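Okay, so here's the structure we're looking at.
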Amino acid sequence: MNQEITNNPFNPLTPPKVFDEIKVSLASPERILSWSYGEIKKPETINYRTFKPERDGLFCARIFGPIKDYECLCGKYKRMKYRGVVCEKCGVEVTLQKVRRERMGHIELAAPVAHIWFLKSLPSRIGLMLDMTLRDLERVLYFENYVVIEPGLTDLQYGQMMTEEEYMDAQDAYGMDAFTANIGAEAIREMLAAIDLEAEAEHLRAELAEATGELKPKKIIKRLKVVESFLESGNRPEWMIMTVIPVIPPELRPLVPLDGGRFATSDLNDLYRRVINRNNRLKRLIELRAPDIIVRNEKRMLQESVDALFDNGRRGRVITGANKRPLKSLSDMLKGKQGRFRQNLLGKRVDFSGRSVIVTGPELKLHQCGLPKKMALELFKPFIYSRLEAKGLSSTVKQAKKLVEKERPEVWDILDEVIREHPVMLNRAPTLHRLGIQAFEPTLIEGKAIQLHPLVCSAFNADFDGDQMAVHVPLSLEAQLEARVLMMSTNNVLSPANGAPIIVPSQDMILGLYYLTLEREGMKGEGKIFGNLDEVQHALDAGEVHLHSKVTVRVPQIDEEGNEVFQRFETTPGRARLGSLLPKNAKAPFELVNRLLRKREVQQVIDTVYRYCGQKESVIFCDQIMTMGFREAFKAGISFGKDDMVIPDNKWTIVDDTRDQVKDFEQQYMDGLITQGEKYNKVVDAWSKCNDKLTEAMMSTISAVKKAEDGSDMEPNSVYMMAHSGARGSVTQMRQLGGMRGLMAKPNGDIIETPVISNFKEGLTVLEYFNSTHGARKGLSDTALKTANSGYLTRRLVDVAQDCIVREHDCGTERAITAETAVNDGEVVASLGERILGRVAADDVKRPGTEEVLLAAGQLIDERMADTIEEAGVQSMRIRSPLTCESEEGVCAMCYGRDLARGTMVNSGEAVGIIAAQSIGEPGTQLTMRTFHIGGVAQGGQQSFLEASQEGKIVFENTNTLTNANGEVLTIGRNMKLIIQDEHGEERSSHKLGYGTKLFVKEGQEVKRGDKLFEWDPYTLPIIAEKPGTAKYVDLVSGLAVREETDDATGMTQKIVIDWRAAPKGSDLKPEIILVGDDGEPVRNSLGNPLTYPMSVDAILSCEDGQKIEAGDVVARIPREGAKTKDITGGLPRVAELFEARRPKDHAIIAEIDGYVRFGRDYKNKRRISIEPADESMEAVEYMVPKGKHIPVVEGDFVQKGDYIMDGNPAPHDILSIMGVEALANYMIDEVQDVYRLQGVKINDKHIEVIVRQMLQKWEISDSGETTLLKGEHVDKQEFDAANEKALARGKRPAQGEPILLGITKASLQTRSFISAASFQETTRVLTEASVQGKKDKLVGLKENVIVGRLIPAGTGGATQQVRHIAASRDNVVLEARREEAEAAAALAAPMADDAADADFLVETPESRD
């Protein structure tokens, strides 16, 4: 009886098995037999009349255990008292039925069979071990070819393939016993068994040392890796060929009788039956000594059936069941969304949960939710039962159940008690970030819908149009505590993505607050003075003063010392009312609300209150302004009718002007002054400018203050109020209602030239309506795709970052990154203050121009600090970053900085990787799916000039200009910069000047804000003559390299360079224009090189052959469509492309060294560019560029490391290898942020840094030295360092390597944890690899731990782990002390026997009574 208690799974007395790591390896036949409880000999399952399992069949009770608890099959022994007895009649052990879930069987195969995973999973492990190709292997295994195993003295080769005839001939030629050749899996098994791994490894290493060429070393390295992994893991190669097959327990492949005498069965039973049938038939054939050919066929069929069992459809035909559906094999059980990993281990259904529709609950407090009584009764049943018993209202659970079912009144009282202070968790699918699950205290409500507090809607992304939410009940005390302390909605005021409050009013509340804080001239009661806030309220109630009138009010304020003082404010009664809600704090003065509050301002107010007044105050404040917002919006009664949409009076004049402009462009095109593409660009531009003008006119009309008869201001237009306050609608939508709809896009992203001129108020014409449907439909189909894509991106990000946890406080690294203001096209997009907020300073920051230290290294920068640094005018500073953190696992708190959701230093154990992944993935659905071509013209025209954003002095860098005949200054350098400096000579802004830019300012000139600095042609890239001379065409052969295009519309001809390589005769042409002087010699530049202008495809020639040219004249123009303004891959695809680290199609070429450009010999249709290093000791570097691509450098140009030699998007790998980790990080951060900024989404840089850190974990070995690492292998930095330390300790040469950038999918599949990788993608491949290498999973990440069913090592789970470690170490100390004491006692006891008795009490310490 006693033993029984310990075996009961629900009994806590038995300690669960504790383990630290999981190892997976190949199973040897002996291992398989040791698991097995018996061999399965028959394919039968159960007897269909008695429903009893057949003996020796797939469900045999003798092997797997009894069908009923404690009862043998024939019924001879029943009940507990016989437990452990084996019945002599039916051979069944009397025990729990549960053992049928854990006992395995086996099948002895009559012939060995290859395991398909090791055969077909690429690269084929068996093939690599034997150095055979997969085709040859399959021929041997499926009995088509013989293979020579022992050549003997014949001239055959080991491993040589022979057909049946060749085998016969060889036997005739050499005699039967002269050599051994075999066929089938036996042959392969013999060959594998014969391999001596150590000798093989030695041999391969020796070969590798000698191997030359490209492919050979690669192949040897691959084989060497496999051999090494077998050596290290202790696996034997012949175990990849199976002689015994394990059979999984019957309860895991159940057979369920349906009504009507039929059975539902798992597909595995069918697959096993095929194997057993064929195996038995094969045994019989071998016994009967059947002809070879029949036996062989049977063996092949056996091989195929085992293949199907392990991985159906991997090879040959898919085996289907009776219903033509492919059978689910063992591999399919693990794979995919429905597989074991993702369906059962990572995502489970939970008890004590329910779901219902949500409705709004405006009278709830922020920490409450309304729970329907019916749901609560069901969810809290166990608590109610126990409470009923405790109160003595029921004596048994059955009685309690009856009471609850009848819904007696006392049950409701008890439910109230139970629910008090017991938080529940609410979840809205899709849970895109951690705020998708929050805890609330339930209040019971009638009805059937859950009530949700309006302020948390934005966190859940919920609305009340029929959304459903799920409720979960945390049961244990610990779970309730965590829900209350960590997940309560009041603890999640700030968003983890950017640290801004996420509990902000929206829609109605914003409209109410906006209306409340309006100020209007001439309202009733203007100029009155009130002594305190109560007086204001009385006057409002009495109707003596209007909400919006200008009055003076005395408001109590807190000064710096914390004393209450009265201050007078010019304000309105509405603002005074709002001010009365503010917490009393010096940092939250009345000025905070004494202004017109729009959405941004409200968020700012909440942020300030949260930062300075603490959490409790701010939560109360949020609740109060929500109530006030709703009430005021309701009292204001703002609504809108058709007349609220105002059409500006001058609409048609603006439209007609634009029409005239467009006519001009058409005419210019007819006259051949501009190309079709340029015309299109200009027309689109003109219309978007027209749209902007119209919008401005409309906004100024609609926002203008109108006066009533009595001279008081009228209420603002209600549509304007809604849009302006940020409650609903936007300027774009108002423009469509009252201006013009504007330009429409085709589904492929192109913009239709003819805009929709009508607005919705006037109504669209049929044609306009048709144009509109085009893009609208695309928008809808986009949305559906977007959700799936965004979800997949999040999943990949989570997978790559899941094991990034804060593991220590400080890693003590010296490294850091530089933070500076982010500037995009000369406009500041993120100030330095924003970027350094919540980071730790790496070096002391000094006030510019002085030695005063503003903040010391190692300090966390808070809001005040950031402001101080901004005001001091610091340009850049060094900050700690997760990228440079040197922690072994995860990151350290100092490198990470502030936990954005709490506003304090990040805690140890915070899962920052997952937070980063969620922050980047969650806004994914808001991003667009589209790829914009011509850089987003719909967003308003191409910028073609730049104005000074600051005032200061102009300084040029790398000046290279010339003045043309009209006296205009043009830049002809490639890397010229224009810098604006302040009076201290500090750089305020810098702009790169493109080739052909026209300058309006001179060196040293003082500029004011808004002065025009320079302009350029946004649509074409000019090629400018540097010296005067005569143009001479070279190789510009008409018809081959140039086509004369006569425009049908204009009758004008233009010369356009075409792709000369396409023509058969044109392959060796080099089309260019050279300048010759009067003497017929080419004009040379300052370096003495002749001035030649190579032409690229699509260039338009602007000069005739033999034409006189002045310096600064345009020789040719390249349309920007040819020299693309980078194809802007917008939105989600761009983010995915960046994180997957894909090489862009025409990626830019980056100079690897400083040096001078030389053009080398051309090769086929590539141009050879080499850089001669300025530093003599370095090698020259060569690049091949496709001909006809525009190359922005010319012969003899000096380029610096990191300059672009060919335009385009750079490949992130190049940035890493040439310019280092920090440059890569900056590139990634800027590019990702650009995409999100376009949608107005704020994400903190550190999240992107965390992901980039995870992408940079691996090192690629460039030279293996004398270590065990192999060239080209990807290893973790730690493994790399460890291997090198080992080598150095032995005095050997260390390996060389460099960090390598992996895309997130690759990085996830290459994590150290094979369990995590297998649950992500390509399950079979990962597991095959892991088992061959005998990989160990140390269970450090979150995913592995969830899968094996323990607490995750982050958050409270991490704390539990630490406590366990401490306890274990203390136990060790105690045990150690006890051992020493025992030894001392033994030493004392040795000389005098009588003292031994006294020595015993020494050992008796309190700890030893465990």
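Cβ coordinates are placed from backbone N, Cα and C, and glycine is handled just like the others.
If you look up Swiss-Prot, you'll see Cys72, Cys74, Cys87, Cys90 marked as Zn(2+) 1 binding site. If you look up Swiss-Prot, you'll see Asp463, Asp465, Asp467 marked as Mg(2+) binding site. Per Swiss-Prot, Zn(2+) 2 binding site is recorded for Cys811, Cys885, Cys892, Cys895.
Location within the structure of each feature annotated in Swiss-Prot.
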residue	record	DSSP class
Cys72	Zn(2+) 1 binding site	coil
Cys87	Zn(2+) 1 binding site	coil
Asp463	Mg(2+) binding site	coil
Cys811	Zn(2+) 2 binding site	coil
Cys885	Zn(2+) 2 binding site	coil
Cys892	Zn(2+) 2 binding site	strand
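Listed in chain order, the residues near the Mg(2+) site other than Asp463, Asp465, Asp467 are Ile358, Ala462, Phe464, Gly466, each with its Cβ within 8 Å of the site Cβ centroid.
Surrounding the centroid of the Cβ atoms of Cys811, Cys885, Cys892, Cys895, where the record places Zn(2+) 2, the chain contributes additional residues within 8 Å, namely Glu808, Asp810, Thr813, Arg880, Pro882, Thr884, Glu886, Ser887, Val891, Ala893, Met894, Tyr896.
Among the binding-site residues listed here, namely Asp463, Asp467, Cys811, Cys885, Cys895, Asp467 has its C-alpha nearest to that of Cys72 (Zn(2+) 1 binding site).
Cys811 (Zn(2+) 2 binding site) has a Cβ environment of 19 other Cβ atoms inside 10 Å. What surrounds the Zn(2+) 1 site, by Cβ distance within 8 Å of the Cβ centroid and not counting Cys72, Cys74, Cys87, Cys90, is the set Leu73, Gly75, Lys76, Tyr77, Glu88, Lys89, Gly91, Val92 from the same chain. Proximity to Asp465 (Mg(2+) binding site), defined by a C-alpha to C-alpha distance within 10 angstroms, is shown by none of the binding-site residues Cys74, Cys87, Cys811, Cys895.
Within the same chain, residues at least six positions away from Cys87 (Zn(2+) 1 binding site) with a Cβ under 8 Å of its Cβ are Cys72, Leu73, Cys74, Lys76, Tyr77, Glu93, Val94. Taking Cβ-Cβ distances under 8 Å and a sequence gap of 6 or more within the same chain, the neighbours of Cys885 (Zn(2+) 2 binding site) are Cys811, Thr813, Val891, Cys892, Cys895, Tyr896, Arg1253.
The CA atom of Asp467 (Mg(2+) binding site) is located 58 Å away from the CA atom of Cys90 (Zn(2+) 1 binding site). Highest Cβ count within 10 Å among the binding-site residues Cys74, Cys90: Cys90. Within 10 Å of the C-beta atom of Cys892 (Zn(2+) 2 binding site) sit 22 other C-beta atoms, taking all shown protein chains into account. Within its own chain, Asp463 (Mg(2+) binding site) has Cys457 as residues 6 or more apart in sequence whose C-beta sits under 8 angstroms from its own.
Cβ neighbour density within 10 Å is lowest for Cys72 among the binding-site residues Cys72, Cys895. All protein chains included, Asp467 (Mg(2+) binding site) registers 17 other Cβ atoms within 10 Å of its own Cβ.
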